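Could you have a look at this structure, given as structure tokens, before my questions?
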Amino acid sequence: MSENLRSQVVTQGVQRSPNRAMLRAVGFKDEDFNKAIVGIANGYSTITPCNMGINQLAQRAEAGIKTAGAMPQIFGTITISDGISMGTEGMKYSLVSREVIADSIETACTGQSMDGVLAIGGCDKNMPGAMLAIARMNIPAIFVYGGTIKPGHYNGRDLTVVSSFEAVGQYSAGKIDDKELLEVESRACPGAGSCGGMFTANTMSSAFEAMGMSLPYSSTMAAEDAEKADSTEKSAFVLVEAIKKQILPRQIITRKSIENAISVIMAVGGSTNAVLHFLAIARAANVELTLDDFETIRARVPVLCDLKPSGKYVATDLHKAGGIPQVMKMLLAHGLLHGDSLTISGQTIAEILADIPEEPSANQDVIRAWNNPMYAQGHLAILRGNLATEGAVAKITGVKKPVITGPARVFESEEASLDAILAGKIQAGDILVIRYEGPKGGPGMREMLAPTSAIIGAGLGDAVGLITDGRFSGGTYGMVVGHVAPEAAVGGAIALVEEGDSITIDAPARLLQLNISEEELARRRANWQPPAPRYTKGVLAKYAKLVSSSSIGAVTDLDLF
């Protein structure tokens, strides 16, 4: 089979002489025009530590593709730093960047008739953005994670960027002074790599490894370690073989492999954002997936790993303990993975895991033994009720009692809620309602790490609930419910909550309820008026116009025609 199935339209024949002329300028020789052209989607950026080491990986991928007998072409794609934009208007662009990344990779690869793509990403939206493009295009592809950051250290404890967010709450509550705040700030992010706990970036990279679109062990490697660059070069060889064999993404991204990915997300205690992203990825791959599927998997999969944000360890500790393959083997041994799922190497999941022990080493406590999990069931629960008729996503970890009924404290923006928390105006038993932060209303569905971290820092993590039509950072934990749908901007019930209303969050019962009569709810709905758009031009205006409900992945290409 020809290896340049797609690129031959720009490299073959007399009419393509001008095309070849330009390719010669970027290094092609006579013998190269019959080779596969492989794109390297390079997320390198000095905006964020998550992506600042990626250029070296792109260069290793380039060398590997050449050695494997194909022609690499590097092109850039963007990133937003969620950690730096957190708590600001800039965070509205974070989820938007998922679509920009997907569109840019699809545009470059399809516009240049590439035969395959190796995508390298670091910060949170790089992963789903790349996978959306890969699923849409359905050309041979592999994802390479830029790698995780190593932990910082202070006073005998490991630090991540979330430590710094929580320190703000501790400082405002008078628990630490200026010196300690600065010490945490200065030590939290010691080098290159994505945020170190089982936050969104590490969650998505782990899920892609479980799904078969990244190489084994690659999702938990440190960005600065030599094995990460070695794994990138190996990924290049695997991709060129996949091009030769025409192993396509939609042969890998199937219902079974997505179930595998979700099972691993539950087992490692991953981010709520994975729900949103996999709904979108499944749609791009023409796989049926709903919120109810997450709930079904949650009910049967335990949380096996003691990882931050609510646990003790970081991703590099998981790597030393056996990484994602060890977690997967435990799930496979107990009938919770589909071993016959194909991977990018051409092997099945069962074949890859054949030599992995069924139980983790007894000399570590990052991965718990099967009979001693962190939680007996998954931590990402799908709640419904009159406040979320389409559903909401709860991450109930690090709290003693997963049920709360309390008075609503209503805020029309993240900033207003944070001001109230830092001013000491939130009391134990309150339920914060942060609304008009959904996909359309924000727009952009900002992450609420600043307020949730401030709550934790103030010592209220066990005593306060928070619901929002926005999202949460993977670094969030506590009694938090996000992705409330329908969102406020389209008249969802969250828009109808009034200060002091009684609200119940009941994770075991999967309930999110506004405790008022149906008659009163109907009266409020009749009086509700949609707010004016916050943006009327530019990318946020376009996004608000196109984006769908979070309950179906907040996609922007639904029902366009």
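Every residue, even glycine, has its Cβ placed from backbone N, Cα and C.
Annotations per Swiss-Prot:
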ACT_SITE  SER473  active site, proton acceptor
BINDING   CYS50, CYS123, CYS195  [2Fe-2S] cluster binding site
BINDING   ASP82, ASP124, LYS125, GLU447  Mg(2+) binding site
MOD_RES   LYS125  N6-carboxylysine
Give me the long-range Cβ neighbours of LYS125 (Mg(2+) binding site): same chain, 6+ apart, Cβ under 8 Å, in sequence order.
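Correct list: THR79, ILE80, ASP82, SER94, LEU95, SER97, ARG98, ILE101.
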Which chain-mates of CYS50 ([2Fe-2S] cluster binding site) that are at least 6 residues away have a CB under 8 A from its CB, listed by sequence?
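The list for CYS50 ([2Fe-2S] cluster binding site) reads THR79, SER81, GLY83, GLY122, CYS123, ASP124, ASN126, GLY146, ILE149, GLY193, SER194, CYS195, ALA201, given in order along the sequence.
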List every residue in the same chain as SER473 (active site, proton acceptor), at least 6 positions away in sequence, whose Cβ is under 8 Å from its Cβ.
ASP82, MET86, VAL162, PHE199, THR200, SER271, ASN273, GLU447, MET448, LEU449, THR452
Suppose we draw a 10 Å sphere around the Cβ of CYS195 ([2Fe-2S] cluster binding site). How many other Cβ atoms does it contain, all chains included?
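For CYS195 ([2Fe-2S] cluster binding site), the count of other Cβ atoms within 10 Å is 31.
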Have a look around CYS123 ([2Fe-2S] cluster binding site) and count the other CB atoms within 10 A of its CB, chains all included.
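The answer is 30.
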